[in-house]
Amino acid sequence: MKWVRGLVGVLSLSLMAACGNEQADDVSEDNPLNVVATTSMIADLMEIVGGENVTVSGLMGPGVDPHDYQPSTSDVNTMTEADLIAYNGLMLEERFVEVFEQMDQRGVPSVIMADALNETELLDPEEGEEDLEYDPHIWFSVSHWEAVTSHVADVLSEMDPDNEGYYQDNADTYLSELDELRTYIEERIEEVPEQSRYLVTAHDAFQYFGEEFDFEVIGLQGLNTQTEAGTGDISNLADFLVDNEINAVFVESSVSPRNIEALIEAARSRGHDVENAGELYSDALGSAEEDADTYLKMYRSNIDTIVDGLAN
Amino acid sequence: MSMIFEITLVAVVVAVACALPGVFLVLRGTTMVSDAITHTVLLGIVLAFFITQDLNSPLLMIGATLVGVATVWAIEALQQTKLLSNDAAIGIIFPLFFSIAIILITRYAGNVHLDVDAVLMGELAFSPFRRLMFLGMDLGPRALWTMLIILFINCLFIFLFYKELKITTFDAGFAAALGFSPVLVHYGLMTIVSLTAVGAYDSVGSILVVGFMVGPPLAAYLMTNKLHVMIALTVLMALVNSVIGVQLAFMLDTTIAGMIAVVTGVTTLTVFVFSPKKGLIKAFLNRRKEQKKMDQRLKTIEQAGR
């Protein structure tokens with residue numbers, strides 16, 4: 001059985017290769033701090049507050065739905081070298097949270113964005129439901145994101161007390177930029193007549209936005225992009241569009257537009273013309289080419305899309 | 001231990017643990033049972049969630065295993081009636097259980113992050129970061145331990161019931177005539193298939209479970225006619241696939257489970273084409289030889305006729 005011996009040869013060679021790779025270099029200096037962030041929004045924030053004292057690696061790239069994220073082998077290396085892990089919490093990173101908690105116990109601390117908020121500031125999934133889970137899309141409330149910014153600055157200062165002033169300064173600068181963003185959002189929203197402030201999107205990502213800026217927000221799918229929209233959901237929502245004379249709905253960069261297209265068709269069959277008014281960023285930032293690669297740019301782009309779509 | 005080494009180790013243990021019961025699935029022509037299980041576990045998770053109302057409860061894993069067992073038993077019971085073929089029985093049970101789970105979720109738990117991923121981690125790349133701690137000691141990746149235990153159970157089962165498995169697999173009628181029930185052995189086998197599938201699902205994800213259970217045994221089946229040789233070859237193939245898969249994944253910076261699945265597909269196809277015993281090329285050559293022989297014979301007959 002010569003071929004058996006051949007297979008054994010291949011096997012031992014590859015095992016040797018496996019062992020050869022073993023000397024993974026962890027020659028990382030104490031500075032800068034290696035921060036691993038899950039979503040692109042969090043990576044952006046960590047870079048801003050941490051400045052030159054941190055090296056940030058994001059796990060989920062632009063346009064990636066956190067639910068569909070598949071770690072690659074370089075993510076494994078990134079995680080091995082992490083000094084601090086920054087994640088959203090509230091089940092956004094579902095199956096990876098356990099990993100982060102374990103790493104925390106073994107000396108790689110985490111900073112959880114949702115820790116900046118107390119329970120009363122969080123939204124329940126829907127009225128009438130039990131409090132099984134909170135809405136994780138906290139970044140769409142600018143004031144929540146401000147609280148998160150201060151929280152991140154505090155955690156970084158605690159880990160690196162020598163640079164406390166630097167982190168707090170960065171946070172303060174960013175807080176004023178967030179303030180400008182809020183003003184911009186409020187001004188642009190004024191262009192939309194009050195009776196047409198309806199935001200219909202692919203999934204329930206914008207409830208914090210709706211709460212803060214007084215928009216009625218309706219997501220076709222639930223909080224989780226994996227839940228199927230039932231046929232009832234689509235026809236109910238189509239009726240809702242007709243009743244409230246809503247003419248624009250929005251797709252999301254990280255969610256398939258299929259359901260929204262079905263909704264548009266359903267409304268058309270009821271004799272009501274609805275337009276797909278463009279793509280919003282929900283669970284991930286955009287790319288640099290789309291000019292939506294930071295939180296501020298992403299939010300501005302979203303607001304422009306929403307206002308331009310609804311103001312007509 | 002380095003990351004790559006630990007990941008390779010987990011991959012190898014999972015691969016071997018899956019491949020062992022896979023041998024008998026391949027021989028019995030019920031390979032897609034593994035696919036059915038990786039889907040119907042959702043029903044177990046949903047039902048257990050309704051009882052515990054807690055996504056982190058270990059009961060969800062137990063529920064998953066129990067429904068996995070129920071799945072294989074239901075498929076088995078349908079097959080025993082002899083009114084249906086194997087694949088038809090799988091085709092009835094698997095969508096039924098899976099869709100019940102989907103309906104329960106949309107109806108009663110629409111706003112809970114309830115799906116298989118939330119309970120069964122299924123990510124090989126991060127297995128070194130989920131460690132088993134005992135009295136403050138770091139014992140290595142948790143998946144490694146779970147799968148080692150399952151591997152041990154599988155080895156033990158095959159070792160203890162080797163003769164029974166062999167007879168019931170190849171000649172169920174003869175086994176019944178000898179006085180032991182093929183049904184009992186079969187249910188035992190299906191139970192360890194379910195246990196293995198759920199355990200492996202938690203460490204490597206669903207697609208790979210099917211690949212691990214089917215690929216190596218199929219390749220081994222194409223290389224030999226002897227059961228014990230087939231088992232040995234299966235283990236060897238499982239080893240080779242996962243070691244090469246992990247290496248390639250690190251070289252190409254991609255998802256590890258996906259890479260192992262690709263390697264498994266490639267090696268199995270290679271064996272399918274080149275196997276010295278039952279490969280495609282061999283079959284082609286055999287046919288040519290037969291044809292030549294036939295021509296020769298016809299010629300002789302013709303000549304004799306003159």
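Including glycine, each Cβ sits where the backbone N, Cα and C put it.
Just so you know, TrEMBL annotations never went through curation; they're auto-generated.
Per TrEMBL, transmembrane segment is recorded for B:6-27, B:36-53, B:59-78, B:90-110, B:143-162, B:174-198, B:204-222, B:229-250, B:256-274.
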Taking the transmembrane segment (B:229-250) as the reference, which of B:6-27, B:36-53, B:90-110 gives the largest number of Cβ pairs under 8 angstroms?
B:6-27
Do the transmembrane segment (B:36-53) and the transmembrane segment (B:143-162) share at least 3 Cβ pairs closer than 8 Å, excluding pairs fewer than 6 residues apart in sequence?
no
Six or more residues beyond either end and a Cβ under 8 Å away: which residues meet both conditions relative to the transmembrane segment (B:204-222)?
10-11, 14-15, 18-19, 21-23, 25-27, 31-32, 34-35, 37-39, 116, 122-124, 143, 193, 196-197, 229-238, 241, 257-258, 260-261, 264-265, 267-268, 271-272, 275, 277-279
